[in-house]
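Asks: The compositional bias 'Basic residues' annotation in TrEMBL covers 454-470. For 471-487, the entry in TrEMBL reads compositional bias 'Basic and acidic residues'. Residues or ranges marked as region 'Disordered' in TrEMBL: 454-487. According to TrEMBL, the transmembrane segment annotation covers 20-40, 52-68, 147-171, 183-208, 220-242, 262-282, 353-374, 386-407.
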């Protein structure tokens, strides 16, 4: 009799990865919480300075560039991109020096006013820790890659404060159009264990209550506005991606020492603050909270309409000049402020917070190609009442942003339109997008047939109208002739 090996093997594998991912989640949750606490202490210490903290930004960017170039070049830029590149090209192999360098340079960049985020370092710290443990335990390449993905999910879950969305994001962000289901359970376990560890160690998270409308009440007019908002948020995501890329290329082409570039970028942002204000330095969490307020007395002028445009530029200059940090928190800022402005244009005053929430998650989906985790994040942060509208806006934004991403190393496994052909398996930055001639001709033929049928229908209507008019004229002539004969 054949021994049943399938289910025992599955049970053994599940047990192995549940234990491993649980332990790695606890370790990463503790390390990332340490990073968050150091960042919080650094921000609190700024109040003791005898001058504005952002005057230190030029020095902060220079120091960040020096530390990165000297000790860990992999820590350059927003960390999530480097992690994705390591997973796809090196089976998750990451230099352990990245962990302390990324932690320190991100704290320096953010505390001195650089416009960046904290999730990229969280992901890079998580992935670097998992990679180091894999090497210590002599894991195979495949197991190391799997554990590193768990580390990414744990890092995101700890920083976001959304264990489910964070776990899914760590998987979904790797490949556009495909989910690595074999890592789904370990990522969930790692995400939850990291999140609960962070909570146990005192990490605090912000959740928003957007509940001006009734439960499960579907407003068709509002849905139409949400669909229009999805298009707008997709264009905002496209603008973020294009600005980051062009700014990075422009800075790289400047024939100047990288330290002078970093110093000059810091000076530029300080000078711009005299024109636009100081709300664009650092994480900008207070501005996000302000955009989420449901106080109708604030009106649409509580935030300047151009806030999201200025934040895009500040973030592009900070990261393009060598600053260290993530890109997701600025995306949240840009999404919330652009949604707040959009709500002021097309919604009522009490819908400002709703559209700010929709922008928060929709721009994320469009810029990172992660619609599933963005939808789950809407549920975890804003509640089920917002999730219905968020899902619509998120999917539209994801499609409108096109085949591009803030993470150029993402692999692409889908086309967002059947009229386009994509080279699957390539980096999204290098993938070639071209018109699908066969589908286009088919679509064109269908459209032409519709036009022909419409033209025939119009001709038929005109002929019927002409015959009807002729009959009316004949009857009128007959009546007139009859009246003449009778008279």
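Yeah, the Cβs are placed from backbone N, Cα and C, and that goes for glycine too.
Nobody curates TrEMBL annotations by hand; they come from automatic prediction.
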Asks: Which of 147-171, 183-208, 262-282 has the most Cβ pairs closer than 8 Å to the transmembrane segment (20-40)?
Replies: 183-208
Asks: Please give the sequence-distant neighbours of the transmembrane segment (147-171): residues at least 6 beyond its ends with Cβ less than 8 Å from one of its Cβ atoms.
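Replies: Here the qualifying positions are 20-21, 24-25, 28-29, 32-33, 36, 83, 86-87, 92, 94, 118-119, 122-131, 133-134, 139, 179-180, 183-184, 186-198, 203, 205-207, 368, 370, 372-374, 376-377, 379-381.
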Asks: Between the transmembrane segment (386-407) and the stretches 52-68, 183-208, 220-242, 353-374, work out which stretch tops the count of Cβ pairs under 8 Å.
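Replies: Ranking 52-68, 183-208, 220-242, 353-374 by Cβ pairs under 8 Å to the transmembrane segment (386-407) puts 220-242 first.
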Asks: Quickly jot the same-chain residues contacting the transmembrane segment (220-242) by Cβ under 8 Å, restricted to those at least six beyond its ends, or write none.
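Replies: Tertiary neighbours of the transmembrane segment (220-242) are 308, 312, 315, 331, 334-335, 338-339, 342, 346-347, 351, 355, 358-359, 362-363, 365-367, 389, 392-402, 404-406.
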Asks: Do any residues of this chain, six or more beyond the ends of the transmembrane segment (353-374), have a C-beta under 8 angstroms from a C-beta of it, and if so which?
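Replies: Distant contacts of the transmembrane segment (353-374): 165-166, 168-169, 172-173, 176, 179, 208, 210, 212, 225-226, 229-230, 233-234, 236-238, 240-241, 288, 291-294, 327-328, 331-332, 334-340, 342-343, 346-347, 381-382, 386, 389-390, 393-398, 400-401, 405-407, 410, 428.
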Asks: Report the DSSP secondary-structure composition of the compositional bias 'Basic residues' (454-470) as helix, strand and coil residue counts.
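Replies: For the compositional bias 'Basic residues' (454-470), the helix, strand and coil counts are 17 helix, 0 strand, 0 coil.
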